[in-house]
Amino acid sequence: MMEETGNGMQMAELTTKYTPLDGSGGSSSHSQEDEDQQQQRRRPYSSLSDAADAPKDAGTLFVLESKGTWMHAGYHLTTAIAGPSLLSLPYAFSFLGWAPGLLALTICGLVSSYAYCLLSQVLDDCASKGHRFYRFRELSQFVIGKSWTNCFVTPVQFGVCFVTVVGAILAGGFAVKLIYLGVNANGTIPLAAFVAMFGAVMIVLAQLPSFHSLRYINLVSLLLCLTYSLCATAGSVLAGYNKNVPPKDYSVVGNPAEKMFGVFTALSVMAGVYGVAIIPEIQATMAPPIVGKMVKGIALCYVVVAATFYSVSIAGYWAFGNGAQGNIFDNLAPSGGPQVNPVWLTAISSFAIVAQLLAIGLVYLQPTFDVLETLTADVNRGKYALRNVVPRLVLRSTYVSLATLIGAMLPFFGDIVSLVGAFGYTPLDFVLPMLFYQLVFKPSRTTYIFWLNWVIIVSFSIVGVIGCIATMRHIVIDAKTYKLFADV
C-alpha cells in the first residue's frame, strides 16, 4: 500500500511538478475536470523523501559526489557484478545440467540487465522532473513509502552490503593463504591471520574519500576479472584432456526432493552472482545530466559479464561435470590431489582474485560510508578538513575491523552469504525494479511490458523464498561442521 501524504498542499505541489508539459505553459484554461483526469493518469506518488528536496548532505557531497562519466559507472557496476563469485557457476550447472543451466544463466542475465535498465529509467524520470535520487532508500521512500522502506528495503540493502564486505575479506584471506601454501606447502599460519592481513589492507584503502575516487581501481578490477576468468577457462580446457581428472558425468544426481532443492539453490547462486543492490548509488556518481547515461554503463558491464560468465560456466562444467566444486579452482588446484592446472596459471589467478576482492569490498562499503559521513561530517567544512577526516578515519576503520573479525570467526560464512543472497539480492535486483517501474509509469494492462514485469515479480519472488529455504536446509546440514576461528 502506498503511504498517503497528510499535506494536501504538498501533494498538489508535487503533482504539479510531475505534470507533463503540453505546450499550454500551465495556463488557467485547463478545466478542473481536465486536471482531475490528469491526476488519474498519474501514479499515486507517496510523499517525497526529505533528502531529495533538501540541500545536499555530507554523504552526497563527499562520498556520492557526482563527477563521473558513464564509463566510470560501468567500471563500478562491473566490479559489483563480475567478481570471483562467477567461479561458482559450474557448480550451479551441476544441479541443472547442460540445457537448463544455459537457459537459467541466460534468463537471469536478461532479467537482471532488464531490471537495471528499468531502475535507471525510473531514476532518470525523477531526475528529469527535478528530483534526483542518490540512494536506493530515497527512491524506495518516494515510490512505496517510508514504512516498507524502513522495515524491509533499507535493512536488506545494508545487510547485503555488509555480508558482501565480510565475504570479500574472508575470500581474500582464503586466496592469500592459498598463495602462501603454494610457496610453503607445510606452512602453519592459520586462516584467521591471513584474513586479518587482508582486512588491514582494506582498512587503508577504505580511507579513499569517495565512490568516484575508486574509478581507476575499478577499471583495474575489470581487467583482473577478465584475467582470472581467462585462466579458469583455459585451465578447465586443459583439465578436460588431463588423465588425472575423473570421468565426466553430466547427470543430475539425487532423489526428487534433492533435485528440486538443487534447482532452487542453483537459481539462488545465479541470482546472487548477477546481483548488485546498489544501482542508485552507482548512478549517483555520474555528473549531470544523467538521463540515458547509465544504460551505457550497464551495456559496458554486460559485455564483460557475457564474456566471463559463459566461458567459465561452459568450460568448467564441460571439464568436471557434476563434480564441479563451489569454486572451480578447487577442481583445478585440489588440496588433496594432484594439480590439474599449471602452477603458474593458478598463481596468476590467485593474485588477480586477491586484488579484485579488495575492489569489491570497497564498492560495497560506500553505502555505509555515505551514512557515516552524513551523520558525522560537517558539510560546511572541506572534505579533507581535520574536523571531517578524524571521524572518517575512526568510523571506517572500526567498521572494516568488525567485518574482518566476523570473517575470521566464521570461516563457514559462505553459507550465510548464500542465504543473504537469496533473501537480499533477489528482491532488490529482480523484484523491486519492476515494481518501481509499474508504480511510476503505470503501463497499460494491454501492453506486454505490464504483464512481463508482473511475471518477473511473481516468479523471482517464488525463487527467492524457496531459495532461502533451500539455503537454510544446507546450513542446517553443515552446522555440525561449524567451528569458530576454524583453520580451513
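Each residue, glycine too, has its Cβ placed from N, Cα and C.
What TrEMBL records for 67-472 is domain 'Amino acid transporter transmembrane'.
According to TrEMBL, the region 'Disordered' annotation covers 1-53.
Positions annotated as transmembrane segment by TrEMBL: 95-119 (among others).
If you look up TrEMBL, you'll see 156-183 (among others) marked as transmembrane segment. Only residues 6 or more beyond the boundaries of the transmembrane segment (156-183), in the same chain, are considered here, and those with a CB under 8 A from a CB of the stretch are 83-84, 136-137, 189, 191-192, 194-199, 202, 275, 277-278, 333, 343, 346-347, 350-351, 353-354, 357-358, 360-361, 364-365, 367-368, 400, 403-404, 406-408, 410-411, 413-414, 416-417, 420-421, 423-425, 427-428.
Nonlocal intrachain contacts for the transmembrane segment (189-208), taken as residues 6+ away from its ends with a CB within less than 8 angstroms of a stretch CB, comprise 169-170, 172-174, 176-177, 180, 214, 217, 354, 357-358, 361-362, 365, 369, 392-393, 396-397, 399-401, 403-404, 407-408, 411, 485-488. Sequence annotations record features per position, and here TrEMBL assigns transmembrane segment to 189-208 (among others).
According to TrEMBL, the feature transmembrane segment maps to 220-241 (among others). With a threshold of 8 Å between CB atoms, the same-chain residues lying at least 6 positions outside the transmembrane segment (220-241) that come near it are 75, 78-79, 82-84, 86-87, 90, 248, 304, 307-308, 311-312, 315-316, 318-320, 328-329, 331-332, 340-342, 345-346, 348-349, 352-353, 355-356, 359-360.
Positions annotated as transmembrane segment by TrEMBL: 261-279 (among others).
The transmembrane segment feature in TrEMBL is assigned to 299-320 (among others).
Residues or ranges marked as transmembrane segment in TrEMBL: 343-365 (among others).
Feature annotation from TrEMBL assigns transmembrane segment to 402-428 (among others).
Beyond the transmembrane segment (448-470), the same-chain residues lying 6 or more positions past its ends with a Cβ under 8 Å from any Cβ of the stretch are 111, 114-115, 118, 261-262, 264-265, 267-268, 271, 419, 422-423, 426-427, 430-431, 434-435, 437-438. What TrEMBL lists as transmembrane segment is 448-470 (among others).
Remote same-chain partners of the transmembrane segment (261-279), defined as residues 6 or more beyond its termini with a Cβ less than 8 Å from a stretch Cβ, comprise 77, 80-81, 85-86, 88-89, 91-96, 100-101, 104-105, 108-109, 112, 116, 119-120, 123, 136, 157, 160-161, 252, 254, 294, 305, 309, 363-364, 366-367, 417-418, 421-422, 424-426, 428-430, 433, 460, 463-464, 466-471, 473-474.
Outside the transmembrane segment (95-119) by six or more residues, the chain places 77, 89, 250-252, 259, 262-263, 265-267, 270-271, 273-276, 279-280, 294-295, 298, 302, 305-306, 309-310, 313-314, 317, 429-430, 432-434, 436-437, 453, 456, 460 with a CB less than 8 A from a CB of the stretch.
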